[in-house]
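See structure below.
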Amino acid sequence: MPFYTASKSTFEVGGKEFPRITWYKEPGMRTLYITLMFAVLTSATNGYDGSMMNGLQTLPAWQTSFNNPDASTRGLLNAIMSVGSIVALPITPYIADIFGRRAGVITGCITMIIGVALQSIGANIQMFIAARFLIGFGVAIAHGAAPLLIAELVHPQHRAIFTTIYNSTWYFGSIVAAWLTYGTLSIQSAWSWRIPSLVQAAPSVIQLVAIWMVPESPRYLIAKGKTEKALKILANAHARGDTQDELVQIEYREINETLRLEQEFETNGWLDLFKTPGNRRRLIILFTLGFFSQWSGNGLVSYYMNDVLTAAGVQSSKTRLEINGILNIINFAVALTMCFFIDKFGRRPLFIFATGGMFMAFCAWTVCAAQFVKTQVSGAATAEIFFIFLYYVFYNSAWSGLLVGYAVEILPYKIRAKGLTLMFLAVDLALFFNSYVNPIALGALGWKYYIVYDVWLFIELLTVYFFYVETRNTPLEEICKHFDGETALLGGDLATEKARHYLVEEIGNDGKIVPASTTREVSEEVSDGNGSPKTEA
């Protein structure tokens with residue numbers, strides 16, 4: 001029995017069914033996907049950072065180098081990265097929209113490499129903090145461009161899998177950092193923490209090399225008027241270079257007409273995210289995605305597992321590092337496996353399943369922690385660690401991969417970069433809170449602090465149930481119909497009534513669409529089957 005079977009034997013674009021393809025049997029697609037995976041390792045850098053900071057706080061040499069920083073200082077060390085990301089967010093969408101998705105990845109990687117270099121020197125705590133600010137600044141820029149490049153470039157059949165794999169690589173970076181710091185524990189000098197710090201630059205260096213082998217987003221190129229180049233990229237990526245392929249022609253018409261309609265009749269300012277009912281629902285989803293992904297109790301383990309395990313009676317630094325490393329391997333395995341079932345089970349059911357499971361596991365985690373504090377029975381501590389692992393199994397069923405994949409796909413092109421930026425703003429605000437408040441709250445309240453997250457997880461479950469929209473097996477441009485209905489500006493073979501009203505038989509030499517009401521009313525637009533639209537009035 002195969003590891004993965006699709007929900008159906010075909011995929012749909014423009015209202016037409018196409019037989020599913022195997023990516024590694026397609027030469028152009030195989031090359032693209034391999035290079036693209038190396039070019040978008042930003043999430044791995046982020047995951048490496050969280051696990052590295054967990055590990056560094058366990059290393060005696062790191063504590064000695066920085067004079068045994070207290071809980072408040074450690075909170076600042078982690079939170080300052082989120083501050084750097086927040087500062088970068090206002091410029092992030094403009095880099096991606098004006099200069100291109102690849103330019104955003106390149107800018108972010110260069111900034112991160114500079115930050116890692118300063119962090120590795122780490123002459124004092126002030127320099128370490130400043131370096132982490134720069135790393136956060138670079139992560140935000142690369143994070144704001146990399147998912148867009150993936151979603152706008154890959155074949156429609158593979159969009160859900162690839163975009164969820166992107167954020168799941170967080171754990172790949174986390175695994176490397178966890179076991180690297182475990183390995184350097186025996187080094188009796190500052191190199192025990194400088195080596196893990198230096199290796200943090202590796203994903204960014206790999207990205208800088210690989211990004212030049214990946215084409216620019218065809219949607220970005222069409223938005224900039226480079227339609228021939230965009231069509232060629234679509235053909236190379238999806239149809240072995242055949243620009244007349246039926247799928248490529250349908251995709252091209254749908255993207256081209258939709259973007260032209262958006263450019264002519266919609267603006268792309270920040271306020272557009274609040275103007276329509278559909279956009280307001282998107283905004284609720286984006287903000288809750290960001291907050292819930294980090295503010296669900298996982299921040300306790302991501303950055304302060306050392307404190308959590310110490311409170312659970314694990315006194316050995318070696319044992320704490322081993323538990324951290326094993327947990328990250330399990331997290332990566334679960335997150336990566338679930339990427340292949342996104343379209344099979346659907347986004348909304350997975351979010352409900354994951355959040356409900358997190359709520360139950362965290363409640364059990366809280367009870368076990370309370371029992372251990374009261375009784376000091378080792379069985380309660382063992383059960384607490386078990387429920388930490390179980391909690392993460394549920395978390396990684398949806399929240400790790402779909403955080404970025406779901407956010408990117410629900411946004412129309414004109415507001416995609418800005419909407420993703422707002423989602424990451426919510427992530428960074430939650431991370432800042434977690435990083436700065438968690439160690440202080442844990443120190444003051446102990447296991448009682450877990451009750452806050454028990455209540456919050458129940459609120460998350462209700463929010464997901466009432467507001468999240470299913471987008472399973474829907475091409476990128478066509479998802480707007482799930483939010484905007486017939487008021488959506490969707491061109492191509494499935495053009496909405498609103499779009500049909502504006503579309504005319506020919507587009508003027510200036511490249512702009514003229515509203516039908518200024519020329520003649522259009523009642524129906526059909527295709528002649530060769531990529532040339534014709535209109536019946």
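Glycine residues also receive a Cβ, built from the backbone N, Cα and C atoms like all the rest.
As recorded in TrEMBL, the features of this protein are as follows:
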DOMAIN    35-472  domain 'Major facilitator superfamily (MFS) profile'
REGION    516-537  region 'Disordered'
TRANSMEM  76-96  transmembrane segment
TRANSMEM  103-123  transmembrane segment
TRANSMEM  129-150  transmembrane segment
TRANSMEM  170-191  transmembrane segment
TRANSMEM  283-305  transmembrane segment
TRANSMEM  325-343  transmembrane segment
TRANSMEM  350-373  transmembrane segment
TRANSMEM  385-408  transmembrane segment
TRANSMEM  420-437  transmembrane segment
TRANSMEM  449-468  transmembrane segment
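Counting Cβ pairs under 8 Å to the transmembrane segment (449-468), the stretch among 170-191, 283-305, 325-343, 385-408, 420-437 with the most such contacts is 283-305. Beyond the transmembrane segment (325-343), the same-chain residues lying 6 or more positions past its ends with a Cβ under 8 Å from any Cβ of the stretch are 3-4, 6-7, 51, 160-161, 164-165, 168, 170-172, 174-175, 178-179, 182, 301, 305, 350, 388-389, 392-393, 396-398, 400-402, 405, 472-473. Against the transmembrane segment (129-150), the recorded stretches 170-191, 350-373, 385-408, 420-437 differ in Cβ pairs under 8 Å, and the greatest number is found for 420-437. Annotation: stretch 385-408 has the most Cβ pairs under 8 Å to the transmembrane segment (170-191), among 350-373, 385-408, 420-437.
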